[in-house]
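Novice: Take this structure first; my questions come after.
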Amino acid sequence: MIQVLLVTICLAAFPYQGSSIILESGNVNDYEVIYPRKVTALPKGAVQPKYEDAMQYELKVNGEPVVLHLGKNKGLFSKDYSETHYSPDGREITTYPLVEDHCYYHGRIENDADSTASISACNGLKGHFKLQGEMYLIEPLKLPDSEAHAVYKYENVEKEDEALKMCGVTQNWESYEPIKKASQLVVTAEHQKYNPFRFVELFLVVDKAMVTKNNGDLDKIKTRMYEIVNTVNEIYRYMYIHVALVGLEIWSNEDKITVKPEAGYTLNAFGEWRKTDLLTRKKHDNAQLLTAIDLDRVIGLAYVGSMCHPKRSTGIIQDYSEINLVVAVIMAHEMGHNLGINHDSGYCSCGDYACIMRPEISPEPSTFFSNCSYFECWDFIMNHNPECILNEPLGTDIISPPVCGNELLEVGEECDCGTPENCQNECCDAATCKLKSGSQCGHGDCCEQCKFSKSGTECRASMSECDPAEHCTGQSSECPADVFHKNGQPCLDNYGYCYNGNCPIMYHQCYDLFGADVYEAEDSCFERNQKGNYYGYCRKENGNKIPCAPEDVKCGRLYCKDNSPGQNNPCKMFYSNEDEHKGMVLPGTKCADGKVCSNGHCVDVATAY
């Protein structure tokens, strides 16, 4: 067990406040100059590591003293993290750099419950922190033989282009009732209890235009990508999702696809390349392309509800800002679409801040998802079961040695509740990361007051008729693995058949798309799926839309009968160019007695699984 090292750094505010200066983030109109002075409180004879696992900074912001607590983001890189670039003659060069002693941190401001921080300590302090509701940026001043830093509000960075920046995903909701319903729900501790952590293994690709923009400096590009993902990781922690960087590929000699200003074309090409090339070389869950090409009218585009799909678990992002925080928020936004999150409506809220999933980029980038985003994300996860993000990082996946006090449970630790000053776990000895005498457990869904829960105590609620509840064994603090009823078992009074823990029926799918008073349409509506046109088809093969055979028409586009007030649409359907798959009948849906949908065919349930 390695003892946590607490380091204090005093930053004295320089008496001069600048009026204007050009920094990495752009032209800044109002800033403070501070000088970091590192004061180390190490035991006599102790060897100071290059980058401590826990640090504390004292500094003045607007003349007021604040304390910034930082902890190393030990889950930033995966164990098998790799980097790929290309020689001038096109030869692939892949390396596996040692990244365990990295310099990327998350943190908070003391006595500010709503504060956040994402900081790189590689060469001075660079990043952002939120203090009393305002976003501040910090970075070293590039002065010879000087440790001067600039601290400034994000709002004081001059914006070169004041035009509104939009996400390219469009919504054709004919009813906003589902979003309104979600906005009225409250995130409860009980609801969170049944949401197991998810783990997204992210792969980044940087195009040739970005290489040119950075004058071929690959190290500069890599550092920027690390800082961006560190912030994305911070953002998703509050969604109970951990984002780890598993790979970075830089198209240093030439683009591997044709990158065009037309975002839809580029996203489609990138998805095809990921499916046929990248996935054959590197296992990952989600890929994002960063480009310096000026995308027409948008700054990002992604498929909706596509996480884990070989082609569609992708997004593209325009690197339109020099501020890493801004690009990180765009990346979190596009990945949010992959996780089933739509743009926020007027019903959605994230407190007093602008929310990440608003269609346009906020004048001040937010690091908060709305209540609607939370429920849409977890509705997608629980109902569509994207299996690739189920593998939670185990202790053996943490690439650096175990460190007591970093709030990560690692090999050799019985518990880890943070530093002794911050630990709030009555079962855990924060100094040793061992359970206190008499304690059986310190965490887990089957741990109550430091003891194993009684046998039979429900620890994971039933999410559907096909997903029975799990109960504690009385011998462990962990809830047993989530077990579903066998696929094909009848459910909902024979209206459907179980599929991956759900009972998919068309009525529920119509409700999810259009809200209340909408039902499965008459059979005649589904005959439109025999056309093989842009919306009516059963499946796609090599990019071509295949019309449904007569016996398969209920396994193509979903049609619903809208009986809501003021509506009279007997064959209502949903179609979007950005996400053609949305609005199709879901796999496993009953299409006839004894038959279910499988890959666009209506097949016998006995042979489907």
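Just so you know, glycine gets a Cβ as well, placed from its N, Cα and C.
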Novice: According to Swiss-Prot, which listed range is region 'Inhibits platelet aggregation': 221-234, 403-416, 459-472?
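Specialist: Comparing 221-234, 403-416, 459-472 with Swiss-Prot, region 'Inhibits platelet aggregation' matches 459-472.
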Novice: From the list C355, C372, which cysteine is recorded by Swiss-Prot as disulfide-linked to C350?
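Specialist: So the cysteine paired with C350 in Swiss-Prot is C355.
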Novice: What does Swiss-Prot give as the disulfide partner of C388, choosing from C308, C450, C479, C491?
Specialist: C308
Novice: Looking at the Ca(2+) 1 binding annotation from Swiss-Prot, with D285, C388, N391 already listed, which candidate in E201, E334, E448, E458 is the matching residue?
Specialist: E201
Novice: Return the single candidate from C433, C447 listed in Swiss-Prot as disulfide-linked to C441.
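Specialist: If we follow Swiss-Prot, the cysteine bonded to C441 turns out to be C447.
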Novice: Which three-state DSSP class does C525 (disulfide bond) fall into?
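Specialist: In the DSSP reduction, C525 (disulfide bond) maps to helix.
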Novice: Within 10 Å of H343 (Zn(2+) binding site), Cα to Cα, which of the recorded positions C428, C466, E470, C472 are there?
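Specialist: Within 10 Å Cα-Cα: none.
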Novice: Measure from the Cα of D467 (Ca(2+) 3 binding site) to the Cα of every one of the disulfide-bonded residues C415, C428, C441, C503, then give the nearest.
Specialist: C503
Novice: So which disulfide-bonded residues out of C415, C466, C472 end up within 10 angstroms of C447 (disulfide bond), measuring C-alpha to C-alpha?
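Specialist: Checking each Cα against C447 (disulfide bond), the hits are C472.
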Novice: Enumerate the residues of the same chain, D467, P468, E470, D482, V483 excluded, that satisfy the criterion Cβ within 8 A of the mean position of the Cβ atoms of the recorded Ca(2+) 3 site; list them in sequence order.
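Specialist: Leaving out the recorded residues gives R460, S462, A469, A481, F484, G501.
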Novice: With the Zn(2+) site defined by H333, H337, H343, which remaining residues of that chain have Cβ atoms positioned within 8 Å of the Cβ centroid?
Specialist: C167, V169, G300, A302, V304, E334, G336, I341, N342, I356, M357, P359
